[in-house]
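Beneath this line is the structure, given in structure tokens, with notes to follow.
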Amino acid sequence: MSKHIVTVAVAALLVVAASALTRIPLKRGLPLAKALRKDQPRIERTLRVGDNDVVIHDLMNAQFYGPISIGTPAQQFQVVYDTGSSNLWIPAKTCGASCLLKPRYDSSASSTYVANGTAFNIMYGSGPVSGFESNDVVNLGDQQVTSQVFAQITNASGLGLAFDVAPWDGIMGLAWPSISVTGATPVFFNLITQNPSMQQVFSIALPDASGTNGVMDIGGIDTAHYTGDLVNVSLTEETYWQSTFASLTVGTTAIVSTSTRMVIDSGTSLIVGPTTIVAQIAAQIGATEIMAGKYTVSCLAVPYLPTIQFNVGGVQWSLSGSDYVINDEDVECILGIAGMDLPEPITGLWILGDVFMRKVFTVFDVQNKQVRLAYMKQ
């Protein structure tokens, strides 16, 4: 039996009734097509590589975000639930003009606040996001995490105008502790440590490109979200949710035929791959490059485009033209696969973002160090 696939009987151990789950509603600021339009500002996020941050240019208002509260009494925020990072940060009361339109955490108003003071810094392409760490209780739905380290941001200027008008206030990282900027334990890892009987899984179900509402379930798996059996894919590193795919084909043409590193990242809107490989994909489907690594394709051609398949866990995961092309109701549609060359030691890495995840239901399994995949139920 493949090490990537377990029997249905074993897999069923992690499947629980929906009523037993902690469910976090997720929203997208705009349908993906509108967020992709050329007049929308872009936002930058990072991938952590050792002691450095690699900037990923992403789409303002396309990220999925949901509620979180911090402190006693609870102070409410909207955060991007991001499987590509590990820290929690929100604006501080002392954050100036860069947080003017945001709710800001007031430590003096929380009876459970404990000072920490460790400096927190992330460098984005246009400048820094900086602040300091604190400790307080964090609430995710009906679950509470005590003594959670998080960052209060005092300067968010590095995110620019895109952050000012974004519908979310901060980021909650869901990746592994090893890529935490300061070594702080991520919220989900503290949650399962403080609740030993909880299933050590969370799952994300995203809507199609035209939808705006998704869900994140904590502590189990709701079978209502997917069809068929879950396929288990072992992680290759406990950093991001990182594994490999065996091949990538466009129609009958093999584009990648060797084992290739990938991460599944809810914080990135598109699929991102090396520029030369994405250029080959674009050539196969007749797409036109409009700027470095970004492509359009005739909207009229979408129904006739070839299927793109990623072989992950021994299964061919198929994306049709309507899955990987975003229809913005214009003559030219946007290819949901972008080219970007990442530096060492992650050269050649693919990021399977929301374009992939809205077709493929994803379970993130800490206990078994794997992701579990199935087609989304339409």
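For all residues, glycine too, the Cβ spot is worked out from N, Cα and C.
Here TrEMBL flags Asp82, Asp265 as active site. What TrEMBL lists as disulfide bond is Cys95-Cys99, Cys299-Cys333. What TrEMBL records for 64-374 is domain 'Peptidase A1'. The annotation signal peptide is assigned in TrEMBL to 1-20.
Residues within less than 8 Å, Cβ to Cβ, of Asp265 (active site) and separated from it by at least 6 positions along the same chain comprise Asp82, Thr83, Gly84, Tyr240, Trp241, Ile351, Leu352, Gly353.
Cys95 (disulfide bond) and Cys333 (disulfide bond) have their C-alpha atoms 39 Å apart, to the nearest angstrom. Within the model, the domain 'Peptidase A1' (64-374) shows a mean pLDDT value of 93, rounded to a whole number. Note on the disulfide-bonded residues Cys95, Cys299: the fewest other CB atoms within 10 A surround the CB of Cys299. Here the Cβ of Asp82 (active site) has 22 other Cβ atoms within 10 Å, regardless of which shown protein chain they belong to. Long-range Cβ neighbours of Cys99 (disulfide bond) (same chain, at least 6 residues apart, Cβ-Cβ under 8 Å): Pro91, Ala92, Ile153, Ala156. For the recorded site, Asp82 (active site), the DSSP three-state label reads strand. Around Cys333 (disulfide bond), taking its Cβ as the centre, 24 other Cβ atoms fall within 10 Å, counting all chains. In three-state terms derived from DSSP, Cys99 (disulfide bond) belongs to a helical segment.
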